[in-house]
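For reference, Swiss-Prot has these:
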- D138: active site, proton acceptor (ACT_SITE)
- K69, 134-142, K166, 186-188, D194: GMP binding site (BINDING)
- D194: Mg(2+) binding site (BINDING)
- K115: SUMO2 cross-link (CROSSLNK)
- K115: SUMO1 cross-link (CROSSLNK)
- A2: N-acetylalanine (MOD_RES)
- K103: N6-acetyllysine (MOD_RES)
- T142: phosphothreonine (MOD_RES)
Amino acid sequence: MATRSPSVVISDDEPGYDLDLFCIPNHYAEDLEKVFIPHGLIMDRTERLARDVMKEMGGHHIVALCVLKGGYKFFADLLDYIKALNRNSDRSIPMTVDFIRLKSYCNDQSTGDIKVIGGDDLSTLTGKNVLIVEDIIDTGKTMQTLLSLVKQHNPKMVKVASLLVKRTPRSVGYRPDFVGFEIPDKFVVGYALDYNEYFRDLNHVCVISETGKAKYKA
């Protein structure tokens, strides 16, 4: 049985932090309930994940595959930490990047209908160590679909890093190899996670309010 990937577990009754304790853009002041994961904590956890990735995958050229759009902030910060490790290590490895865009959400619900609406030719992944970087695993269906697409091209290794994994009864049971935080079944935004394209410009991961859902509903 595979070992469960470690993560920072945020409990169901976690109260979060008052918005007025942090710098929040004024245009979102009424649209959020609370700050759930402050930006500094995200960065510290991401730094450790970079070390874990290098320890497990650092023996061979890595292709880092970013799942757009929500994964781009985590992707950029994770790669910055990996590059820093590369610069300061006797054993550095080459790394290239690629991008794919998937869509499975309308409003705050994962539709289960996975659309690949961007990305380069995945045949370039053949024989490579592939690190897929995602913002959040909700039901897990999106990632299972992407993994099946990637594995058709016979990569040497495929690992998945996700900033967040949601505890939800809708989960198919999939868990990535590298996990930042395990969170309750709440719809979170910020740090590039969106609600119908809004809130990507927040630094912190926050819980959206009912007012925010109504205002930005598709």
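Placed from the backbone N, Cα and C atoms, the Cβ positions cover glycine too.
Recorded features from Swiss-Prot, shown on the structure.
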residue : record           : DSSP class
K69     : GMP binding site : coil
D135    : GMP binding site : strand
K141    : GMP binding site : helix
K166    : GMP binding site : strand
F187    : GMP binding site : coil
D194    : GMP binding site : coil
Field: Inter-residue Cα distance where the pair is D135 (GMP binding site) and T142 (phosphothreonine), in Å
entry: 12
Field: Long-range Cβ environment of K69 (GMP binding site), under 8 Å and at least 6 residues apart
entry: R101, A192, D194, R200
- prompt: Tell me, how many other CB atoms lie within 10 A of the CB of I137 (GMP binding site), whichever protein chain they belong to?
  reply: 24
Message: Using a Cβ cut-off under 8 Å and a sequence separation of 6 or more, which residues in the same chain sit near K166 (GMP binding site)?
response: I136, I137, D138, E182, I183, P184, D185, K186
Statement: When each of the recorded positions T139, T142 is scored by other CB atoms within 10 A, the minimum falls on T139
- line: Excluding its own, the Cβ atoms lying within 10 Å of the Cβ of F187 (GMP binding site) add up to 17
- prompt: Per residue, counting other C-beta atoms within 10 angstroms of the C-beta, which of the recorded positions D135, D138, K141, D194 reaches the highest number?
  reply: D135
